[in-house]
Every structure is written in C-alpha cells, then in structure tokens.
2 protein chains.
Amino acid sequence: MSATRIPEATVARLPVYLRALNAMSEAGTTTCSSLELATAAGVNSAKLRKDLSHLGSYGTRGVGYDVDYLRYQISREIGLTQDWPVVVVGIGNLGHALANYSGFSSRGFRTVALLDADGSRQGEVVAGLEIRSFDDLEDVVTEHGVGIGVIATPAVAAQDVADRMVAVGIRSILNFAPTILALPEGVDVRRVDLSSELQILAYHEQRKASAASAPAIVVEQVARTAGGAR
Amino acid sequence: MSATRIPEATVARLPVYLRALNAMSEAGTTTCSSLELATAAGVNSAKLRKDLSHLGSYGTRGVGYDVDYLRYQISREIGLTQDWPVVVVGIGNLGHALANYSGFSSRGFRTVALLDADGSRQGEVVAGLEIRSFDDLEDVVTEHGVGIGVIATPAVAAQDVADRMVAVGIRSILNFAPTILALPEGVDVRRVDLSSELQILAYHEQRKASAASAPAIVVEQVARTAGGAR
DNA sequence: TAGATTGTTAATCGATTAACAATC
DNA sequence: TAGATTGTTAATCGATTAACAATC
C-alpha cells in the first residue's frame, strides 16, 4: 500500500477528496458511497475508486466509506498527521492573504515565520507573527526544521529567494511569483500562476465565443490541481 | 491550425512559453532554439516542439524561432490579442493582491470592477478602482461584456457568488475560495487552491524524508499549470 | 438470500519522448 | 555543400473509464 508509488494525478486529487470529506464530516455525514464522494469532489466515481485503491482497501462493499476513517487514511497518506513548519517570504498583499489563510495554518501546516526584505515592514505583526528580516531565513529554518518555503515576493526577487532557501536546506517550494525558477534536481517546486490561469480560461472563452454560432459540445468543470504533471 | 483542437496539456503550457518568451524579449534576445526556450520554460525540447506544432509552423529549420513572432502567434492563439474584461468579487487581502497584480491588468486582461458584499468596504479605492456593491454585478457584466469572473471571497460565500455570476452570463470562473463549486455544464471553472498545493508538496516531502536513508531518484521541478486535466 | 457497492480488470484514450527526415 | 535545428513519426508510458466479479 504505502510502499507502492501513488500516481502523480492521484496525489493531486487527494487534497480535493479530503476537502469534500471534511465538508461531509462537518455536515454530520458519517458514511458515503464512492458516487456521493465523487460527485462532491467533481470527478467520475470510477476514477475516485481507482484513486483510493492506490491507498488501500478502506471501503466496505455494499456500504461505502466511513467518512472519518477515510479522512484519516488520506491525511495519513499525504502526511498531514505530522506537523509541517512553513516559512513565508514576501509579505505584500498576497503574503498577508497567505499568512491569514486558515487552510494554511490549520491541518498540518504551521507558518513559523514571515520574512520580508523591506526593512520598513519588519516588526509589523501579521496573523500573530512579527515580520522579520529575510536574513533570518537560516535561523528560522534551523530552529524550526522548516522543509517548505513559500515565495510571495515580486518576480525579480524570486530566484534569489529560492536560491537562498535551497542553500539553507529547503527542498519544497511553493512559488507565487510570476517567474519560472531554475533549481537543482531534488527540489520540488510548485508554481501558482494567476496569469496562466486567466490565460487558460481566455483560451476556452474564445473557443466558446467562436463556436457560439454552431452548436458545440465543449468545456466543463476543470479542477486546477487535478492532474498536475511533472 | 487554429481549426485543430489543441490538447489540454498543451493549452496549459502555452502561458509558460509566453512568459519565457516575454523575458527573452525584454532581455533583447531576438531568436531562440527550441532547446533554449524549453530550458527557460522548464520542459523537454521535444515536448515544446510538439506543443508548438499544434499551433502551426512558426520556426525556421536550422535557425530556430523569432522571439517576437512566436510571442505574437501564441498570444493570438490564446486570445490575448483581444481585450478580456474581468470582474473580481471579494476584496480582502487576496482580492487586493489580485487587483494590484500587474499580470492581471496587463496583456489582454482588464479588471473592470471590484465587488464586495461588505458595505463597510464599499467606496474604498483599490488599484484605481472604487469597490462597489456585489449587487452591481449584473450592471457591470452587462455594461462591459464581462465573460470572466474571479472569486476571492471566503469559502461560505463562493457558491452563491458563482451562481449569481452564471445567472448574469459569466461562463468562465477563476475560484480562489477553498470550495469545490457545483456549476452547470458549459461553465469553465479553474480552482486555485493554496492548501492543495501545500498538501502535494507535503506528500513529496514525506517521501523524500523516508527515502533519505536509501539513495533515491526522486522528484524534480513541477510546473503547476503544466498538465492540467479536465 | 437479495441488493448494494467496492476494488480490480482490461480496453481506450491522451500525453510524453526519442529519433530522424525535411529543410533552412 | 555542411551544419544546425525544426516538425513529425512512432513507440512508450501513464491516466481514464466502463464493466463486473467479489463481497458486505
């Protein structure tokens, strides 16, 4: 089970299933079928069952899945049962939003430091944390054992920040800056690019508009993280 | 060329190529080979050439690609040569960040209105636009012909906002709220989920940590939008 | 036992990649 | 002509899906 390599497309969907299960749990639902969960997550039920089969056999034939049990198993598989200290660099509007984002601080992730190169921002308190100097990066990483870094700086600063992060031992980076980072192998980078997302929507909008005359069978819901590739 | 359907994975990478080409153009580079562009974009050169071949034959054998010409062709294919009015709903920290994001306002996209349901925020000016009431949605969409809506509200409000957007004719939605939206077919939704991204990183971090004893051949750079699935 | 739903099989589809003929 | 690099072919790989046997 855990020994088997889980397909990348499946890994990208596990957080979606987890979110749907959390909503069910909050609503007091204790059991669900693959069809119900798949519908809530916006995927095909065969795909859901195939995905879950990579984790193990956590359902009951004829019955379905126990919501809280499956929630726990997925959390465990992703690694959310342990604590992930995170450092955020670049505390502009986006950095503020990230620092305050509850999904960030809850459930496994803990923002341990907010860093900014701009001296005038340092000392300001955001989401209960004082903004510190970017020079404190190494201290913070060492002290808290940070493995994940979040970059929310302007594009020009991002590569430098990433290089420094890698130099002090960070091997997973979430990059919000609109730049493609060049980093050594073994470092995992995920890029969240607002402008790319808009462009992809625009491409489909354009097609819809030009297909408006002829009847068309087009575009349905697209989950952004479902199906990330390496 | 434009008549052929472009694979979804290719569409998701076009914005990445465009970004790399823009950087080259700004740096004064006039020509590049598929290998150079692929390296800058963080992909395999065979994949780049295959992707570009879906658009047409815009390179010169033995020479490479003219940076500005290719830039124009990709822009045209995506639809960036036309103007895309966008409305942003939910002007918290994230909404502020989006409103100020230059990649949003430049190159084809134009934020025409910022809406917020919170009356106390209305009238405030952000990025040169006055925050208006959410009730103005229909007026804004009609007046400017908005086809793309951005949701940056808290999770609880997102479904309602999306329903209203669809009701007034918006068919493309970029959702930053941590919820899975249920929407009719024909409406295109892309979800940007910070917590999913962190979870995917955590999964790989966990694997790296457990593989730390045995030598491992693992994880390299992952471009988030490269390979979106429907 | 009858009904329901999982977990798995196998077929299909789409995406990636190396290799190379075409051609500047 | 010789060297370089595109655009395309074909093989491979991975992901999706329907269908159904297993089993609660």
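A Cβ is built for glycine as well, from the same backbone N, Cα and C atoms used for every other residue.
TrEMBL: automatically predicted annotations, no manual curation.
According to TrEMBL, the feature DNA-binding region maps to A:16-55. Summed and averaged per residue, pLDDT over the DNA-binding region (A:16-55) gives 97.
If you look up TrEMBL, you'll see A:79-180 marked as domain 'CoA-binding'.
Look at TrEMBL and you will find A:GLY90, A:ILE91, A:GLY92, A:ASN93, A:LEU94, A:GLY95 tagged as NAD(+) binding site. With a cut-off of 8 Å between CB atoms and residues at least 6 apart in sequence, the same chain places nothing near A:ASN93 (NAD(+) binding site).
Listed binding-site residues A:GLY90, A:ILE91, A:ASN93 compared with chain B at a CB cut-off under 8 A give A:ASN93 as the close ones.
Cβ crowding, taken as the number of other Cβ atoms within 10 Å, peaks at A:GLY90 among the binding-site residues A:GLY90, A:GLY92. Over all protein chains present, the Cβ of A:ILE91 (NAD(+) binding site) has 25 other Cβ atoms lying within 10 Å.
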